[in-house]
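Report on one structure; see the data block that follows.
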Amino acid sequence: MDRIRITGGATLNGVIPISGAKNAALPLMIASLLTSETLELHNVPRLADVQQLLRILGNHGVDTAIAGKRPGQTSETGQSIRLKAASIIDTTAPYELVSRMRASFWVIAPLVARAGRARVSLPGGCAIGTRPVDLLLMVMEKLGAKVEIEGGYVVATAPSGGLRGAHIDFPKVTVGGTHTALMAAVLADGETVIDNAAREPEVVDLADCLNAMGARISGAGQSRVVIQGVGSLGGASHTVLPDRIEAGTYAMAVAMTGGEVLLEGARPELLQSALDIIVRTGADITVSNEGIRVRRNGHGIDPVDVTTEPFPGFPTDLQAQLMALLTRAKGTSRIRETIFENRFMHVQELARLGSRIRLDGDVAWVDGVERLTGAPVMATDLRASVSLVIAALAADGDTTVNRVYHLDRGFEALEAKLGRCGAQVERLSGD
Ligand SMILES: CC(=O)N[C@H]1[C@@H](OP(=O)(O)OP(=O)(O)OC[C@H]2O[C@@H](n3ccc(=O)[nH]c3=O)[C@H](O)[C@@H]2O)O[C@H](CO)[C@@H](O)[C@@H]1O
Ligand SMILES: C=C(OP(=O)(O)O)C(=O)O
């Protein structure tokens, strides 16, 4: 298994291009199941999760073609992928494929909408909590599907006349639930109203693409979304929005090490709450047409008090990275995690580097320390892994981050992007 070795101490200076968002690319790719025509996606990041989803979609009958490199494109220029599901050849999403990635469960919605049936293994994904799918199943039932659990699989069947529009009122904000509702309702008969919908930018990106395919969705990005069902969807060409979590991660890395980096292509409105917090820690943020510039020169790291919330609040997917930054703050910070009940698995690994963090239920108290020291560490999920990279960049000596496959799920060309800005990061191939 590959590992990454980081020798701490360097400041970061230069330009980091921001990739297309993993969490937008995945539902966009799944939307290809809704039409027999070609969906062309641009700026798709080169990530293990994208590859895995291509395998899953291929199993359902989606033909994919990845465009070759054009002049001037580098290995980090997002890929263009054409997806065409002329017909759905298999409505089962098997355990071996789905258990590795949470988002793959969302195929349930387009499969039932288009083929009338789906048999989908209960999902896997990052180990950050129990992560039930009850609200996704509620969506399918509200739209008229019969839902049963058989041998670890969810079997959902549309009524004879197909899915019917309905009122869906989510008791809590769920990104996956909202994606599912959008993809199930676009082909349903009549109107669907979603209340308490997730307002995340990735939901808006999916709705924009579905509308380009001929859907009639209004209000995406607000709590109430209204969908008028249509008879069929066609092809479209859509560019994946930039990854706000990747941008926030590198912003925190620069706030940690000091230096000055342009996050090229990052869009500030997608991560304003995180940028506000980074400014409160003492870094400077400036915004231009090129992206977001982050700088910390000579100022220490100030402690902050942060609570994770659904968009537009501070994202849970940046909580671990912020915690890493705050391990070196001048004072005590408080981080409250309200989205996932088990998303503090990075605490014990950050402790190996010398951090001082106390857990009290859903709150982590981070006492800033003068010095971190390198150590072998092992992360249990994607964002936890990258939080260890951030801490390692500021630690004395070498840190080896094991289980790099977590990083490869969500960070495109991490070593190259950090390396070009002066960090000493090296991938060690293992057995
Ligand atoms: C691939 C992808 O886009 N993943 C993101 C997505 O995950 P995901 O879509 O899985 O997260 P949700 O927004 O659905 O989860 C929010 C909360 O709702 C709960 N819940 C969810 C569904 C359900 O049926 N029942 C239920 O109780 C979850 O356990 C959690 O406590 O949004 C999360 C919250 O922003 C992010 O951390 C993930 O990176
Ligand atoms: C939790 C994440 O991914 P997933 O939902 O696929 O587990 C993430 O992107 O941080």
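For all residues, glycine too, the Cβ spot is worked out from N, Cα and C.
Database features, via TrEMBL:
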- 7-418: domain 'Enolpyruvate transferase' (DOMAIN)
- Lys22, Asn23: phosphoenolpyruvate binding site (BINDING)
- Arg102, Arg131, Pro132, Val133, Asp134, Leu135, Asp317, Ile339: UDP-N-acetyl-alpha-D-glucosamine binding site (BINDING)
- Cys126: active site, proton donor (ACT_SITE)
- Cys126: 2-(S-cysteinyl)pyruvic acid O-phosphothioketal (MOD_RES)
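If you draw a 10 Å sphere around the CB of Val133 (UDP-N-acetyl-alpha-D-glucosamine binding site), it holds 22 other CB atoms from the protein chains shown. Here Ile339 (UDP-N-acetyl-alpha-D-glucosamine binding site) is positioned 19 angstrom away from Lys22 (phosphoenolpyruvate binding site), judged by their C-alpha atoms. Closeness to ligand 2 is met by Arg102, Asp317, these being the binding-site residues among Arg102, Val133, Asp134, Asp317, Ile339 whose Cβ falls under 6 Å from the molecule. Put simply, the two farthest-apart Cα atoms among Arg102, Arg131, Pro132, Val133, Asp134, Leu135, Asp317, Ile339, the recorded binders of UDP-N-acetyl-alpha-D-glucosamine, are 22 Å from each other. Rounded to a whole value, the Cα-Cα separation of Leu135 (UDP-N-acetyl-alpha-D-glucosamine binding site) and Asn23 (phosphoenolpyruvate binding site) is 19 Å. If you take the Cα of Val133 (UDP-N-acetyl-alpha-D-glucosamine binding site) and the Cα of Asn23 (phosphoenolpyruvate binding site), they are about 17 angstrom apart, rounded to a whole number. In this view, the densest Cβ surroundings among the binding-site residues Lys22, Arg102, Arg131 belong to Lys22, judged by other Cβ atoms lying within 10 Å.
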